[in-house]
2 protein chains.
Amino acid sequence: MYERVFELIAERKFSVLREELKDMMAVDLAEIIDELDKKDGIIVFRLLPKDLATDVFSFLSSHLQKDIVEAIHETKLNEIIEELFFDDMIDFLEEMPSNVVKKILRNVTEEERKLINQFLNYPENSAGSLMTIEYVDLKKEMTVKDALVHIKKTGVDKETIYTCYVINDKRKLEGIVSLRKLVLYDEKLLISDIMNQDIVSVSTLDDQEEVASLFKKYDLITIPVVDTENRLVGIITIDDIVDVIDRENTEDFQKMAAMSPNEEEYLRTGVFALARKRILWLMILMIAATLTGTVITRFENILQSFVVLAAAMPLLMNTAGNAGSQSSTLIIRGIALGEVELTDYLKVLWKELRVSVVVGFTLALANMLRMLILVRSDVTIAFIVSFTLGVTVVMAKAVGGTLPIVAKKLNLDPAIMAGPLITTIVDALALVVYFNVASVLLGL
Amino acid sequence: MYERVFELIAERKFSVLREELKDMMAVDLAEIIDELDKKDGIIVFRLLPKDLATDVFSFLSSHLQKDIVEAIHETKLNEIIEELFFDDMIDFLEEMPSNVVKKILRNVTEEERKLINQFLNYPENSAGSLMTIEYVDLKKEMTVKDALVHIKKTGVDKETIYTCYVINDKRKLEGIVSLRKLVLYDEKLLISDIMNQDIVSVSTLDDQEEVASLFKKYDLITIPVVDTENRLVGIITIDDIVDVIDRENTEDFQKMAAMSPNEEEYLRTGVFALARKRILWLMILMIAATLTGTVITRFENILQSFVVLAAAMPLLMNTAGNAGSQSSTLIIRGIALGEVELTDYLKVLWKELRVSVVVGFTLALANMLRMLILVRSDVTIAFIVSFTLGVTVVMAKAVGGTLPIVAKKLNLDPAIMAGPLITTIVDALALVVYFNVASVLLGL
């Protein structure tokens, strides 16, 4: 499909191309335009019929939208902007430089301009920034038949018609009716009789993560957004929530690998921007690691006498770090998915303790056998290393299981208590145990 | 709300309780039953009217479903099972012990039994295991009006009526019509004129991760599942896909923290089961870490002469590990979301190289200043450590940026090339550089 388009452009067969483009799907066209160089991309975009162009435009990444805005005529641009769903338009305007925003705001009515400005002011990641105003509203005095007629008349511009919102004259939300009910129920019934009054709603300033967890809990496909007086101001649809879930997960992955979160796609982010996101945490962790260095310096004399002890340091530090990361990752994820609550703290600690004893003992035994049989180490040295290993795993899991919960209690993001920080902390602990055990058993 | 239920149970006011329960939402009721002890949970369940009981049942975790199956009368059980959506029933049967499954299969028709067995045989995580058979099918000869009448007659048992499937006499999928179109368009139009023939579909054996990425790409709320001859066998709805996205992310988090994935909730998994999931990778990584130990042993004489060098080992190993994890995490996530393709390999490596030079130089400089000003180290030692640090960061990022892509090329899961394994590999590299630089500069 891609090849065919490239071919037609190369051969300058634009009328054939125009015919073939109009039967393609918008997402696929957006991908093709993304692959083409800027000039050809704009040619393809110009060949699209208006409705399709609008759909394709909403799927393009913001740098391509900007290229197109600069290249096409203001009249055509305004046609496209007008046809965009309201939430897509806001997403687009948020990414555009201010001269483009001004150019577009010039062409809308005073009322629309106010609304757009209000939406542009919702904080990033809030429910307000995700919502659309294109929903179907009904009155409770309507019959099912009236409602269907109303939907037929007004529904074509709505982002979804599958959930309809029953509001009063003051726009207060009184109930919800699914299109499913409207189609299946008797058309003489009143909306007030069939509407659902147990409404799950969010407010404009709620965080997108909370909104996503409501969608998951109640298997929703839309959710109403209300203001402090329970007036309906917009709705959020599931397709935007799926993106939120992906973005929130990406953020957690980045934080857990000691990076400041980056919302841009990797290949589109500049080198210095990427470097900046990484240096801060590396620096903090580097300084924290000097603590472990201090432990070594304190026990320098032991190391001087038994330099053989140094060889096991990586094994102890690595295993401690990994065991701790396992626990912290499980807890962080459990908290993120709402499976682990703060009140479960003691249950978690008790479980991690038991798991760590099993894991620690198994690893210590395996290492003892390895050192005695494969490496043919001295028995005392093998015992010191293996004993420390077992103790360290238990400590590491206790630390890894505790710190994310402490972070959550302090209203910090539990994700920062992931592998990297845990590793640094338990590294130091592991060496303290190691050298103390060694100095006792080696009689230093 | 919870307190109220607990109170009414404690006071044995069951008729009041029955009245209050029937106005609550199924998800919330399932949560309350989960909080109660087994006996009270069953009491609450028994008080629910049939339809609500069915909904609540589908939200309960499988161990509670089992308790209820054992406690309630077979007639009531069969009523509930019959009312369950087909995919919820399959999910439930998959988790039940075989005697329960047999008991239930005894009460269904021969045809249903065959179908259930077929569904129970779809591999876990396949499209087949997610789908339901309760969809609306239409014929292309119908008018919009016929279609709406057909939906009104058959729709009440369907999991969704928002997307309808146009099939021929051999059940081949010919098109898709949304309820949106049926409601908005003129009722005299033919289905064949308004149906969409650009169908995005999956086959029963496709992996759930691929299915989820189609939902994301095309903003779908349902997808049809077809067999090899393009016959419609079922549909998958977005609510199940949201769960898939969460599960797949959890799996990635677990793999990236060196654990075998666990599908159960943390607090419900036994100690030995949890320990088993963790020991394998800890063991592999522990053995890999002995490699780093070997490096130390090889350079024992340097360490013996300059034991001060040992103090910087944690700093070098930690920073290397963290820098490598950052890169590998970004790449693994980019691959998972489809943002980084295999063909981007050279672009990725080139970008990581430039980022790592910026990061490595900054950290080396910061460390040099720290050692000279704060620790007042020897200049040569400070230079050896800082130089190694800079080189190590570049190497670590190259390794971290490369290995996930190599894994992907070899058809392995890129997620195993995360922090823990990368750390072990770059630890050894860091020490090799360190001791070599030291032996040259210290003239050993």
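Glycine residues also receive a Cβ, built from the backbone N, Cα and C atoms like all the rest.
Record features (TrEMBL):
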- B:195-251: domain 'CBS' (DOMAIN)
- B:279-296: transmembrane segment (TRANSMEM)
- B:302-320: transmembrane segment (TRANSMEM)
- B:355-375: transmembrane segment (TRANSMEM)
- B:381-406: transmembrane segment (TRANSMEM)
- B:418-442: transmembrane segment (TRANSMEM)
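Same-chain residues lying 6 or more positions outside the transmembrane segment (B:279-296) and placing a CB less than 8 Å from one of its CB atoms are 258-260, 303, 317, 420-421, 424-425, 427-428, 431-432, 435.
Look at the domain 'CBS' (B:195-251): DSSP puts its residues at 25 helix, 16 strand, 16 coil.
The transmembrane segment (B:355-375) shares more Cβ pairs under 8 Å with B:381-406 than with any other stretch in the list B:302-320, B:381-406, B:418-442. With a cut-off of 8 Å between Cβ atoms, the residues of this chain six or more beyond the transmembrane segment (B:418-442) that come close are 255-258, 281, 285, 288-289, 291-292, 295-296, 298-299, 302, 305-306, 309, 312-313, 316-317, 320-321, 323-325, 328-329, 332, 380, 383-385, 387-388, 391-392, 395-396, 399-400, 403-404.
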